[in-house]
Amino acid sequence: MAATRIWHDKLQQATDTATQATKLEFNRAYSEAFEAYVRAGQLYLWLVRNLHDRSPPQKSDSDAHVGTSKDGAALLSSSFRSSLSLELSDAEMRDRLKRSAAKVMQRAEKIKSARNDVRPVDRHALSFEEQSNALAASARIGRLAFPTWTDPADDEFDAGPGIYLDSDPQPALSPTQLENRASYRRPGRRRRDQGAAEGEGNGGIGGLDADGFGRPLRGSDIVQDVVTDCSFVAALEVAAEHDRRWRTRLATAALFPKDPTGSIRPSPNGKYMARLTINGTARRVTFDDSLPCYPDGTLMCATSRTGQQTWPALLEKAYLKVMGGYDFLGSNSSIDLHALTGWIPEHVFLRHAGFQREKMWCRISEAWSKGECMVTTGTGHFGEQASPAYEGLVPSHDYAVLALIERSGRRYALLMNPWSRPIGKRPGLAVPLDEERAILAAQAGHDGQTSDGGFLVTWDDLCSHFDSIYLNWNPERFRHQLSIHSTWKGTGATANPQSVGQNPQFRLSLEPDEKAGAGAGAGIGIDATSTTDETEVWLLLVRHIEGKQSLAPDGEGNYMALHVFEHEDRQHRVYKPRESRRLGSYVDGTHNLVRVKARAPTSSGAGSTAYTVIVSRHGPSSNVSYSLSAYSSARMSLRELPHAHPYHEKVSGSWSGRSAGGNVTHPTFMNNPQYAITISPPPSSSSSSSSSAAAKPAVLCSTAIGTGPLVTTSAGPLTSSSSSSSPSTPATVERGGSAEAAKSSLLVLVESARSLPIQAQLVWSSGSRISHCVEGDLALSSGIYSHGIAVGESTSVQPGTYTLVVSTFQPGQVGPFVLSVECSTPIRIQPIPQEGAGMYARTIRGGWSKARGTAGGPPSSGAYEANPRYRLTVSRPSTFLARLKTVPVQQRLDATATTGHSGGDGDKLGPVDGGDEAGRTSERFRPYINLSLFRLVEPGGGGGGLGREVATSGPYVDHVCGTAIEATRIPEGEYVLVASTYTKGSEADFTIDVYLDRPIELVQIHA
């Protein structure tokens, strides 16, 4: 069997990979060895999970379908290897595989812990193991498991000593069924030696036509009862009508057992199976023949109008077992028909601005007339003021389209309401009854009469009064098909279609098909505007369901989309699509079809055609599996697109409250989320210095952000450097005598809600929190603020530690974001705490005033001690930090002080500056300022004498965020804090934020 062959090939592959890893480690190729050990471990674990495939299965003629690529299982050998493994029992083999997996993973962990330059191992989404795991994980829906389909043996349905009883619980009945006293009953079984049927008159289902179990039904013969599954019954109706017209077996193809001719037959032991396309592949649904019935024994589920056929009820039961029971949440008929037949589903929104009824008629009528397409339609919510045309229609209801007719220049559709009981009123938009009979009588094989629930409407009325058209297309009309199965990893996705960098991305290549001949791009249902130089590629994205609640949108929303771009020979993924490129529409269903009009590849000249396909999702951040299928008349290949760089890190954050600081022109800019980004040199590089600061090459970004110039002087407290001054000179990393060779390539991506304008800036720093930014400080920028996504990229970043600031345009714009950093060399991301985080805080409000004699100016003015001064008492050695900021005139504040633990609201202590003239600062004039700390020579002394300077904010600056004394350790004692301006007589209000790692004792001396 193929599954057994694959298992043994994978065992040999795991052994070979582990051996290769050992050789690579011995040769000191540690990154390659690390990856090989991890791959080997993954293979061993896959072998454990699929141990049931180790020996040939007893009852299987086909194998689980898993999409492959040229990177996947297509490379496997067809011969059995490791025949020795058959000598071990399953328990012994499982134990041996687990030990092997543990051994190789331990080696991988040792390499990782010893080497910080080991490349991370990317997940190969298209590998056989990953796809097999995705399908296996999706086999469980709710509490039930539905394995990948294998054809059953005939003896599974043979009569035995007893009838078959499903070990799974019967599908839950709906509230309406329970109100009508429904119960499960089994059909009677006709004994071979008796004329009566077992069960009849004894709690069974009576009146069934056992001899006509497989008798073909017209679409109008199948009806829905009280179960709210109009979409499924309408799908059965159009499939049955297709079988009648084109002698196919679509309606019953999914049901087993079958007779030698391929027709369905009753199961002697009451066991049935359905082959349903669910979660990306055909799956086996096993169930018994118990069916919901009224107290009198008639079926309370889908059946024929005569009530004598049970196969519609059996298929309904199988489908609703998967969907969680008879209390069906609802679907649309194209999805249900896809599950029954595998035909490609398409949802056409009639209210969409781009819908063209003429073009749509031409597209589907030809395909329908040739049996290549099945059509259903659905209404929406009518509202209270619906027009008379809606009378007789059921809101939010699906109808089967049993015929498309064109006569005397007019177009019609024959609709069927699946309800078993007439609605009581002929729909208001139906054509007159005489006209309907005449039109239908002219159709071959039709007697001109419609069954209850059937009516004829014009195409224009259908397009005007219904909400959607559901189409299903024969997949065999495409010469080439491929499918892949993978998993979205939960990343906190955002509602931003421009944000695609972290979504799965693939390179779809179309290649010439020598067998196709001329006009390979044409086909039934293909866009009529397509030329011989074009072909259509259809891409179907299916989100795997996990249970009943995942069938409908939940409170958080669960949307998906497919984006397709011309590839442009890209070798890695798209991070920010151009505005001119095509973005798909997000839908909240489980199936999404995108039809792409592509340039037809030719064997000469243009050659192959390539596109980037992005699978995008917005919704809960949990992992979700999906399947992607491609259909085309051209040969295709699909390759996963890698990240731009081998090393990548991702963190989640948010702008909220204080951290929503706005752009650099606001004093709160420094409060934005900031991260220390450490970029390691290439593995073969060696640093000439132990310094971790980054070298500063030419500015790589065009964004110019300026503030006033630095002012320095030789007098007074201007000798100490701080974050307000230029960064210290970093070490230069060299490789082979060239610093240029040691540079790294870096990509920074920030993703948020589309409503937020955001920006990312990488600043030359030692990884500490920055308070302002000028053009010369920038190593990389995402450019101007853009909504929902910010991308910055450089190919020449020196190794070292930087500070990354992510900001919104205005203060107070809040929301979550995801930060991703990719680099050609190892990187590390660490969040930088807010200034003063974890320390006690106190805010002082004061001002410089000529009237009060407090505008003393710098030390060289001769009146420095007249500036506002505050006495700080420290009882034990402490860490001290303070920031001085001028207050704009619009923020006129009462002269008060607050104290508390940093991040808290603090306690009001009353006035400390006694200012009676507030509001002197102008937005057009912001003085150059300085803050300095002196240790008193005589503790407890008065205002005379400042003592020795122990800390200063550095040069006088006019930054919008003010200036700060960086965190410094000070011994116990008494200190004086002085706030000054560079120009004597300058007037302004200010605040001083003081932080200490113990309660603050601070009093005003002079203000």
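Even glycines carry a Cβ here, placed using N, Cα and C.
Matching 53-72, 673-692 against TrEMBL, the residues noted as region 'Disordered' span 673-692. A sphere of 10 angstroms centred on the C-beta of Cys230 (active site) encloses 26 other C-beta atoms. For the pair Cys230 (active site) and Asn417 (active site), the Cα-Cα distance reads 8 Å. Per-residue pLDDT, averaged along the domain 'Calpain catalytic' (154-475), amounts to 88 for this model.
In this structure the C-alpha atoms belonging to Asn417 (active site) and His397 (active site) are separated by 9 Å. If you take the C-beta of His397 (active site) and look for same-chain residues 6 or more apart in sequence within under 8 angstroms, you find Cys230, Gly378, Thr379, Asn417. Residue counts for the region 'Disordered' (648-668) under DSSP, split into helix (H, G, I), strand (E, B) and coil, are 5 helix, 8 strand, 8 coil.
Around the Cβ of Asn417 (active site), the number of neighbouring Cβ atoms within 10 Å comes to 27. Secondary structure from DSSP puts Cys230 (active site) in a helix.
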